[in-house]
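Scroll down for the structure; my scribbles are underneath it.
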Ligand SMILES: C[S@@+](CC[C@H](N)C(=O)[O-])C[C@H]1O[C@@H](n2cnc3c(N)ncnc32)[C@H](O)[C@@H]1O
């Protein structure tokens, strides 16, 4: 059953291997570098969860819901929205997205997020497994029944949820919805069969191929070779770590939070519950920022007293890093909503920056800067571990369109660098068009700029993250896992260029 075109058909079959994720999982850490593309989708909401069979019939007291049902209802609503084209962050947002997840108790919220995460991260395997259990695909309009099946299958295949609970809750959800109710028997039959046959199905699946859209896999093969593409696809099946940028005393904060200090200086912790509850959050000792995302601001070296323009700055991870290092920062972004988050972040951290809401395609600063950082909008394929929806909602045409915008923004940003100053261009993309190719084209048309190669010592000695040109190229399978601490980091590209005249 092709639940969603997922931008391509499954790849060939081969190796077994899979991982079962503990449920409930920890709350997903907030994103620091999401892509900014929003795809509108107003979908009918899932009907309220059904009343429990043991609910009071007298009507005197409130009926109790079957345990676990509200979490599944919220997960189905979010998966349905994302499969319909909505961004995961927006769907999870308590204000903008489905309010049901925000209304859940913390434990259920963690469970719902874990189910959503695995449903999207392994959607290719889930689609393939469901397809094997069904004689013909569901019609397009049966999107809710489809989401119920996906959420049920995700639990059967990848989460430590008893099979009977996963099946019966899925059937309850189908029965409760006017439009899905006539699929309740099908949901029951398909999921029960999957529960029986899952070990055979999983043994035949190639998880890296199935869960990566073919267009993306082909690009990675071309850019990183066969082994590189396979390693990237495998890394995207893992959950991302929670990394923190700290204002000072990384070792102390690592100890207080039970984490470790990475060679780059970021603190990596094991997420347990909402980040707002972690020690040091309220006092503004740290901000959430993937360890790879923390590197581009460091390429300016000692920024004390320097004027740095942080372009495409919101929600402000790099602004915070630059301000904490002593720079005088002008943070520019076109999104008022994202700038509001930047303002909140800076206020909590007790850091300052000049904040400008402007479209860089028309913004004209009055002065030049010692340094300009352009964290350009991109396909964000380097953040698939945090944003598995990207594999479903983006396609090659998005990469091509974004590359045109990036070239425009880069040429404009270059004009705002003072002679002798530095320009750092970065994207959280694995695509060469948004990184290496962009810089090659820029240098060919800007003889007044020269590359300043990144040195391993500047990035904690991680030489693997520097390419042959001397640019930063971090890959999600780098940074080894240690006992009790996840491995990996986001895929980032960054080039450092000096204005020579
Ligand atoms: C990758 S995110 C930036 C992340 C941010 N630098 C950080 O470290 O937290 C890209 C940002 O580019 C902004 N953006 C996209 N197009 C823009 C434009 N034409 N002018 C200004 N900002 C833009 C988006 O609003 C989004 O906040």
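The backbone N, Cα and C atoms fix where each Cβ goes, glycine too.
These features come from TrEMBL:
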| type | residues | note |
| --- | --- | --- |
| ACT_SITE | 428 | active site, nucleophile |
| BINDING | 312, 313, 314, 315, 316, 317, 318, 333, 359, 375 | S-adenosyl-L-methionine binding site |
| COILED | 332-359 | coiled coil |
| COMPBIAS | 47-64 | compositional bias 'Low complexity' |
| REGION | 1-67 | region 'Disordered' |
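Feature map: TrEMBL annotations on the structure.
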residue: 312; record: S-adenosyl-L-methionine binding site; CB count, 10 Å: 25
residue: 314; record: S-adenosyl-L-methionine binding site; CB count, 10 Å: 25
residue: 316; record: S-adenosyl-L-methionine binding site; CB count, 10 Å: 29
residue: 318; record: S-adenosyl-L-methionine binding site; CB count, 10 Å: 29
residue: 359; record: S-adenosyl-L-methionine binding site; CB count, 10 Å: 10
residue: 428; record: active site, nucleophile; CB count, 10 Å: 32
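A gap of 20 Å separates the Cα atoms of residue 359 (S-adenosyl-L-methionine binding site) and the residue listed as 'active site, nucleophile'. A gap of 15 Å separates the Cα atoms of residue 316 (S-adenosyl-L-methionine binding site) and residue 428 (active site, nucleophile).
Averaged across the coiled coil (332-359), pLDDT for the predicted model comes to 97. The residue listed as 'active site, nucleophile' carries neither a helix nor a strand DSSP state and counts as coil. Residue 318 (S-adenosyl-L-methionine binding site) falls within a helical segment according to DSSP. Recorded residues residue 318 (S-adenosyl-L-methionine binding site) and residue 428 (active site, nucleophile) have their alpha carbons 13 Å apart, per Cα-Cα distance. Across the structure, residue 428 (active site, nucleophile) and residue 312 (S-adenosyl-L-methionine binding site) are spaced 13 Å apart at their Cα atoms.
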